[in-house]
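According to TrEMBL:
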COMPBIAS  341-367  compositional bias 'Polar residues'
REGION    341-375  region 'Disordered'
TRANSMEM  103-119  transmembrane segment
TRANSMEM  140-163  transmembrane segment
TRANSMEM  169-190  transmembrane segment
TRANSMEM  211-232  transmembrane segment
TRANSMEM  252-272  transmembrane segment
TRANSMEM  284-306  transmembrane segment
Amino acid sequence: CLEAFCIYGSVGQVEEPYVSITRKKQMPHEGQSEEVERQVGQAEGKLFTHRAAFSRTSVIQAFLGSAPQLTLQLYICVLQRGVSIGRGEEEEDVCWKYVGEDYATLMVISLLSIVYGALRCNILAIKIKYDDYEVDIRPMAYLCIFLWRSFEIATRVAVLVLFSSVLQLWVLPMVFLNFLVFFFYPWILFWQSHSPFPENIEKTLTRVGTTIVLCLLTFLYAGINMFCWSAVQVKLNDPDLINKSQNRYRMAVYYMVRFVENALLLLLWYIYKTDFYEFIFAPLLVLQLLLAYVIAIFFMLIFYQFCHPCRRLFSSSMTQGLWDCSSFLHVLCTSASPQNTPMGRAATEQSSRQEPSNNQVPDTASDSTDDVPNDTTYDVINDTIYDTPNVENSSIGGVNRDVRHSASCNV
């Protein structure tokens, strides 16, 4: 930080011995995109490096420091509330007044730290994916990301704390399973791709050092996904270790599964809650937490639909992608249901058993397009019609009848 301030204060005072030229594309306007050249001095380049390092450090500090700290603070606050309830009314008021204010202040600071880290993660993902373009992020985009991440992270932490307060023995296996799934997911994709082991991360690193760096990267990735959706998706078989494609279906699946998981944890909390929560109207609290998560998804859709700085480069809208994903899941569920399987099988067997009533060659009047099954999904390239000369009937109608009969057999 001190070096960054010193560099910022000395910019423009001394002539730069080295200047580099960067080329960035502007956002396409009416289908056209212009490329702009810009000179970047050595001091400005160092400031960019410091800014990128600060962004990555804020993400690490948010999800490996503030997120567990906020969970622990809220858990202690809930237990402290339970201890104060067992005391006298006057002693309870004094105790809860000072302890509650302190914990509330600390929890707000921790929540803001996590939300800032998630916001920096979103901005970092946008700049990595659209590195060739000049990205101009407007205040409304920052506001949507802030509200999206605030509701998402606060709901997730509250659900984990409520579940752990009634089922202490089951919270560790649940958290450990979530962490292992997100930790090994990039490695599974890397092993399935059969790509060589990445060697270009750092020239001075050995193979063991590279493995340690990749493990730390996936560890951070798992820590982020424990509390919210990671905008930066790790891809170990990519030279930049970042997936630059649009992960809309993966995002939709994540939020669907996370919503179901939160609802299940809240249901278990509601079933096993004790008299400790008698001062809380439990159904209303469950409804509020689920509604808060839905509000987080709503602000996410608003951001990608209207406030994303690179939405002009999208091939389709975010809402359309989520709708296609939900339609695809609906088709899978309906096709796998036992009620639809016999009907489809019976229809297939009935269509396959349709044969002509006699073995004679059909005449021209009966050999029309109405008798041919309405199936236009066959391969035109492989549907070759071999015209075999008819010895018995060499007239034009006979040849056409044989050709039509051969075409219907090939279909």
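Backbone N, Cα and C define each Cβ position, glycine as well.
Beyond the ends of the transmembrane segment (252-272), by six or more residues, the same chain brings 155-156, 159-160, 162-163, 165-167, 174, 225, 229, 282-283, 286, 289-290, 293-294, 297, 300, 321-322, 325-326, 329 to within a C-beta distance below 8 angstroms of the stretch. Of the candidate ranges 103-119, 169-190, 284-306, 284-306 contributes the most Cβ pairs within a distance under 8 Å of the transmembrane segment (140-163). Long-range contacts of the transmembrane segment (169-190) within its own chain (CB-CB distance under 8 A, at least 6 residues past either end) are made by residues 160, 163, 218-219, 221-223, 225-226, 234-237, 265.
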